[in-house]
Amino acid sequence: MAKSRFEYVRQFEKSDILLPECYIVVRIDGKKFHEFSKHYEFEKPNDMRALKLMNAAAKNVVLNYKNEIILAYGESDEYSFILKKETTLYNRRQEKIASLFVSLFTSNYVALWPKFFDRDLDWKHLPFFDSRCVLYPNLQTVKDYLSWRFVDTHINNLYNTVFWKLIQVCEMSPREAENFLSGTVSSEKQEILWQRCSINYNNEPEIFKKGTMVSRKGEFLHVDIMKVIDEIFDGY
Ligand code: ATP
Ligand code: ATP
Ligand code: MG
Ligand code: MG
Ligand code: MG
Ligand code: MG
């Protein structure tokens, strides 16, 4: 096909090529999900339907890119997809990878919504997600990345569980619950949950406490990542 005289504008397009030999992590995160979850009346602190929907959307992304992905890990409104260091997906173009992952995830989230929620999505409150690619230069930093997200899940979930139970069971106001928990360490929070609300944190669902790992085959696992991390990355 003949080139038009306008073709030169192509030169203005620049793409970032992700450094070779590095693991690529694509992390997506729901935009303003604090509000989104309020609008659709998510159960607090953890809405199981919403977590399962996130997992189902992530599973389809993993299966679509199963030759490139080692695993995915998700909690709350976020998911991380860990790609093999040798992947040549889209010639390692950063914006292609980040945009296609988040777009595929979002379309799945929307398409699968009715499987998990009785109520329709309304056009003024549609879900959308941000996306970034982060490079990790060796196995240790990838493992630490995953451990970081895992620890974050634990810390947030413990806090949110006690916070909401103090409100729901002990009838504290959000302000009172916040003040009550201020300065407490993990063991104290678990003790408060037990003493005040008769809830044993250990009996909370694993999916809440540990988040969800998606294997390359699309299996969901809710496990202590710190304990299995060396096994998971064996061979990578
Ligand atoms: P940003 O746009 O900066 O990401 P955000 O409101 O999405 O803002 P996050 O830090 O990403 O803030 O937190 C996500 C919030 O979404 C949580 O704090 C929680 O209120 C809500 N949320 C996400 N998933 C669930 C769930 N399964 N059940 C209940 N609430 C949820
Ligand atoms: P890539 O993933 O590289 O973008 P692609 O198949 O999407 O590959 P494009 O160059 O973006 O290739 O071209 C989009 C193609 O989609 C068109 O060539 C055409 O076949 C099809 N297409 C898009 N919009 C329409 C439409 N409205 N009606 C019919 N065909 C369409
Ligand atoms: Mg955020
Ligand atoms: Mg968010
Ligand atoms: Mg988030
Ligand atoms: Mg196209």
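Easy rule for this one: first residue shown is 1, then count along the chain.
A Cβ is built for glycine as well, from the same backbone N, Cα and C atoms used for every other residue.
Among the features that TrEMBL reports, domain 'tRNAHis guanylyltransferase catalytic' is placed at 6-137. Mean model confidence for the domain 'tRNAHis guanylyltransferase catalytic' (6-137) is a pLDDT of 98.
According to TrEMBL, the feature Mg(2+) 1 binding site maps to D29, G30, D77. D29 (Mg(2+) 1 binding site): 15 other CB atoms within 10 A of its CB, across all protein chains.
Residues annotated as Mg(2+) 2 binding site in TrEMBL: D29, D77.
Here TrEMBL flags D29, G30, K31, K32, F33, H34, S76, D77 as GTP binding site.
Annotated domain 'Thg1 C-terminal' per TrEMBL: 140-217, in sequence order.
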Cα of D77 (Mg(2+) 1 binding site) to Cα of F33 (GTP binding site): how many Å, rounded?
7
D29, G30, K31, K32, F33, H34, S76, D77 excluded, remaining Cβ within 8 Å of their centroid (GTP):
F36, S37, E78, F129
Write out how many residues of the domain 'tRNAHis guanylyltransferase catalytic' (6-137) are helix, how many strand and how many coil, based on DSSP.
60 helix, 31 strand, 41 coil
Tell me the Cβ neighbour count for K32 (GTP binding site), meaning other Cβ atoms within 10 Å of its Cβ, over all protein chains shown.
13
Counting Cβ atoms within 10 Å of each candidate's own Cβ, which of the binding-site residues K31, H34 comes out highest?
K31
Does any of K31, K32, H34 have a Cβ within less than 6 Å of an atom of ligand 5? These are the binding-site residues; tell me which, or none.
none
